[in-house]
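Student: Starting off with a structure, shown below.
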Amino acid sequence: MAKLYFRYSAMDAGKTLDLLKVAYNYEDRGRKPLVLTSAIDKRAGLNKVKSRIGIDQDAYSLTDRDNIFEFVENYNSSNKIDCVLIDEIHFFTQEQVWQLAEIVDELNIPVICYGLRTNYLGQPFETAALLLAIADTLEEVKTICHCGKKASFNMMVQNGKAIKQGNPIVVDDDSLKEIDTKYVSVCRKHWKEGVYE
C-alpha cells in the first residue's frame, strides 16, 4: 500500500542527501524513482537536485502552475515508476500537495516529500502545514544548533544581524552571499534571541 511521506527539518540537516540516498537505493534494486524539485530553487540549475556536500542527480523542475498528478500519470504511462521523490516541497502549492495525495491514492505510487517546516520568520510554510495534517508518515530529519540542542528553526542573518521580517520565501543561493546574507539552523531559544553563533 503506497503512502504519502513528509520528511522535514531545519536547513542543513541533509534532506536532499537523504533523497539522493533513497533514489540510489531504488535504482540499485532495479526500481525507478521519479525525482522532482521546484523550479524556484535554481542553486543546482534547472532539472537537477544537489546536496550541500556536492552529490547531485537529474530531476524534473516543476513550477507552481504544473499539475503534478497529470505529470506523474503521463510519465508513468511510458516509464513505470516505483516512487516519487520531491525536494523543496515548501516551494510548491497546497493544491499540488493534494495532487501528491492523489498520486498515492489513485496510482498507488509512494510519494516522499522533503522540505522545511517553517520559514525564517518562524511561520509554517503552507504546504508543510498541510503535509503535517494529511501525510501518512511524518519523519523529522534532525540537525543541531551551535549550542548542541536540536535545531528546529531557520534564521536569516544579514550583515551579522538576525532578520525577522520581510518576504517569507528567500531562496538560499549565491546572490545572498553578495549582500552578506545566510541561513543558519538554530534551536527555538536562539531563534527567539537572534543568536546564531
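Using the three backbone atoms N, Cα and C, a Cβ is placed for every residue, glycine included.
Marked as active site, proton acceptor by Swiss-Prot: E88. If you look up Swiss-Prot, you'll see S9, A10, M11, D12, A13, G14, K15, T16, D87, E88, I89, H90 marked as ATP binding site, on the strength of sequence analysis. Residues annotated as Zn(2+) binding site in Swiss-Prot, with sequence analysis given as evidence: C145, C147, C187, H190.
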Student: If you count the other Cβ atoms within 10 Å of each Cβ, which of the binding-site residues M11, A13, I89, C147, C187 comes out on top?
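Tutor: When each Cβ's neighbours within 10 Å are tallied, I89 tops the list.
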Student: H190 (Zn(2+) binding site) has how many other Cβ neighbours within 10 Å of its own Cβ?
Tutor: 21
Student: Using Cα coordinates, what distance in whole Å links M11 (ATP binding site) and C145 (Zn(2+) binding site)?
Tutor: 11
Student: To see if you understand the setup: which same-chain residues, six or more apart in sequence, place their Cβ under 8 Å from that of C145 (Zn(2+) binding site)?
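Tutor: In sequence order, the residues whose Cβ lies under 8 Å from that of C145 (Zn(2+) binding site) (at least 6 apart) are A151, S185, V186, C187, H190.
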Student: So what sits near K15 (ATP binding site) in its own chain, CB-to-CB under 8 Å and at least six residues off in sequence?
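Tutor: The list for K15 (ATP binding site) reads R7, Y8, S9, D87, Y114, G115, V141, given in order along the sequence.
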Student: Under 8 Å Cβ-Cβ from the residue listed as 'active site, proton acceptor', six or more apart in the same chain: what's there?
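Tutor: Set apart from the residue listed as 'active site, proton acceptor' by at least 6 residues yet with Cβ under 8 Å, we have T37, S38, I40, D41, Y114, G115.
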Student: I'd like the number of other C-beta atoms within 10 A of the C-beta of D87 (ATP binding site), please.
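Tutor: Excluding its own Cβ, D87 (ATP binding site) sees 27 Cβ atoms within 10 Å.
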